[in-house]
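Copied from TrEMBL, the annotated features are:
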DOMAIN    16-144  domain 'Cytidyltransferase-like'
BINDING   Ser20, Lys52, Leu84, Arg98  substrate binding site
BINDING   Ser20, Phe21, His28, Gly99, Ile100, Arg101, Glu109, Tyr134, Ser135, Tyr136, Leu137, Ser138, Ser139, Ser140  ATP binding site
SITE      His28  site 'Transition state stabilizer'
Amino acid sequence: MEATPTTGSPGGRVAVYPGSFDPVTCGHLDIIRRAAKQFDHLIVAVLNNTSKKPLFSVEERKQLLAEVTQDLPNVTVDSFRDLLVHFMKSRQADVIVRGIRSVTDFEYEIQMASTNHQLDGDIETIFMMTNPKYSYLSSSIVKEIAMFHGNVQDLVPPEVQRALIAKFSESAGANGPQG
Ligand code: PNS
């Protein structure tokens, strides 16, 4: 699903929620739902990072995100390859949304927010506290549990659970979780 560029007018505030989303978890989805209420248009942007070897391809990650957000009319899914601030400009977005799970996230997030603001002074980062229910959750943990056939039912949306089961039965344990 491609994001439709908007005008960025006061009546149309566009925010971007960037990440790896390999795969999207219930923690991510909680942030998406809450952020979608705060902005006219929320773009969930998947980083297409060629230096990492993800479990799911960018297309698979986008597809899963599109499926789990299909009931949210102001949310679109897109991907980007280089600097986030360049992608933001191309979509006329000026707010970055990031979730914070704990103090351990904080240092990295501050560094990213400051870097992005340095690169483009018009861009603000807004942090949302992750629902405490999911404060321990990460895509890496989900992949590890799924790889060893543990139950991820409460950690990811059903579409993602199905995709994880398919992925690990397809690879028959040959590949470990990446990233
Ligand atoms: O889900 P993640 O992996 O924590 O997301 C990190 C992400 C994708 C938001 C970050 O790595 C990013 O924005 N990368 C794009 C490159 C960039 O713009 N770097 C400069 C700011 S740190």
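Backbone N, Cα and C define each Cβ position, glycine as well.
Annotated features taken from TrEMBL, shown on the structure.
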{"residue": "Ser20", "record": "substrate binding site", "CB count, 10 Å": "19"}
{"residue": "His28", "record": "ATP binding site", "CB count, 10 Å": "26"}
{"residue": "Lys52", "record": "substrate binding site", "CB count, 10 Å": "11"}
{"residue": "Leu84", "record": "substrate binding site", "CB count, 10 Å": "21"}
{"residue": "Arg98", "record": "substrate binding site", "CB count, 10 Å": "20"}
{"residue": "Ile100", "record": "ATP binding site", "CB count, 10 Å": "17"}
{"residue": "Glu109", "record": "ATP binding site", "CB count, 10 Å": "16"}
{"residue": "Ser135", "record": "ATP binding site", "CB count, 10 Å": "14"}
{"residue": "Leu137", "record": "ATP binding site", "CB count, 10 Å": "21"}
{"residue": "Ser139", "record": "ATP binding site", "CB count, 10 Å": "25"}
The domain 'Cytidyltransferase-like' (16-144) resolves under DSSP into 57 helix, 29 strand, 43 coil
So the record assigns Ser20, Phe21, His28, Gly99, Ile100, Arg101, Glu109, Tyr134, Ser135, Tyr136, Leu137, Ser138, Ser139, Ser140 to ATP. If I measure every Cα pair among those residues, what is the longest distance in angstrom, as a whole number?
18
Spatially closest candidate among Ile100, Glu109, Ser135, Leu137, Ser139, the listed binding-site residues, to Leu84 (substrate binding site) (Cα to Cα)
Glu109
Which binding-site residues from the set Ser20, Glu109, Ser135, Leu137 have a C-beta atom lying less than 6 Å away from ligand 1?
Ser20
Would you kindly give the Cα-Cα distance separating Lys52 (substrate binding site) and His28 (ATP binding site), rounded to the nearest Å?
20
Return the member of Ser20, Lys52, Arg98 nearest to Ser135 (ATP binding site) in space, with distance defined Cα to Cα and candidates limited to these binding-site residues.
Arg98
Listed binding-site residues Ile100, Glu109, Leu137, Ser139, filtered to Cα within 10 Å of Ser20 (substrate binding site)
Ser139
Measuring Cα to Cα, how many Å separate Ile100 (ATP binding site) from Lys52 (substrate binding site)?
22
May I ask for the distance between Arg98 (substrate binding site) and Ser139 (ATP binding site), taken between their Cα atoms and rounded to an integer number of Å?
15
